[in-house]
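Q: Here you go, one structure.
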């Protein structure tokens, strides 16, 4: 089967592949791969990180043989005779005219500036796996070896064939279908369940929507807990009894007295409460159908034990609480397993299975093109507001955010402070950034410190993406801090595909069907890269005094969770709020089949 393909997509094992181009297939059947091997000797890669180009000589300036123009946007060299022709749609195409005048076999050409194959008869881009493999290999070699040009000799096709598509991981795409119990499962559910008591209060609210009492400047905790209580994968984990607090306490040998308090003992006999057990307790209380506000005092005490430096009744940062809480759940699981787990794989505990992703950082030497790549796990992404609106530098992390309640003061401040967008912040986060002379990194190829170019991207998306907007600025020079009250537009549906490493690398390497640098062919499929917003944590007030509020999206309706008070609000109120922490879940996990489950 020919490896050639033309745009016009079909799927094999979940991977999008182009439809075959008959002209390229015929060209390959007549000539084999010999003409492509000759092209490999003309591959030139200009660092740092430039696209591959086709040049017989590095200083060659290609011109169209028909019109003599070298400034055309597209110049193509015939693979059969090396004649250079231009193609400028919708105008005349000298490349197509050349193919029509010449005998069969001259239809296939290569873009001299992009090293991408083109069919002059179809007037469309075509793909060949062996050729794409050679180009990617040349660009990778240029970035790692620092050469100004990269070529593959005729003796190297075995290396390229070694990376043939047979070795690619093949994974089936699983279409989402809402679960419906069969007759046997219905019987098990009925026999093993106890009907929940109907609430006498606010029966029109979705089940699980319950206020949390403020225990003294604990709105930072209540706001994050409300978001976590309605995080679909986390909610399903606890409500399906995957962490049973009674079994956990029995396994850790907790006495009856301590068991009532939800406490465990460590090796030294010191009482240490389990955050996961207390979360299980909160889930049971919140989803019981009761509507009176719940007091998470036991959870607060457990968290104080884990984060002793934050144990006080002072206002804390919601993002800091979020990170500390997930760390406490992860630490507890590690102790239970008696063996430390790597949070980078995302399978160590429920906290990381839900929120853990992987960031990719490429630092490229500006002198030789050598690229140093590192991968780091993350459980959220901290974003700066766009600079033209007054934000500051970029970064990847997560903290806690403070928007406003969405009242009229938000609408007025929006006009005073300008507007940023979440997608604009993500664009800024993933764009190449030239590091200053005071941030030179040691180049392994040059063996000296050089100026460099840094680019961040997302290697692996989590099930739930948490974005933290850095609204608190701290200046060590001025020795002052301030809150940035700037309006941020955020979408309800978010496509993360443009920010994936596969997309970033594809923009660097060009259009290839050959995967590069370990990026899986389905890493950016439309199922896992599309997200839905379900929670927004906001903050009103100033840096040293304020109040946290959470907006939840349940059953396609927004609800404002202000400590013990739950009210239904309009979507425009949420959009007017100054988002500080935003929670997005993969669209395939956003269960709309259960939209009308209300307590009653």
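Backbone N, Cα and C define each Cβ position, glycine as well.
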Q: State the residue range annotated as region 'Disordered' by TrEMBL; the candidates are 102-122, 123-143, 144-164.
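A: The range carrying the region 'Disordered' annotation in TrEMBL is 144-164.
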Q: Using DSSP, how many residues of the domain 'UBP-type' (19-145) fall into helix, strand and coil, respectively?
A: 42 helix, 28 strand, 57 coil
Q: Report the mean pLDDT of the predicted model across the domain 'USP' (210-587), rounded to a whole number.
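A: The predicted confidence over the domain 'USP' (210-587), as a mean pLDDT, is 79.
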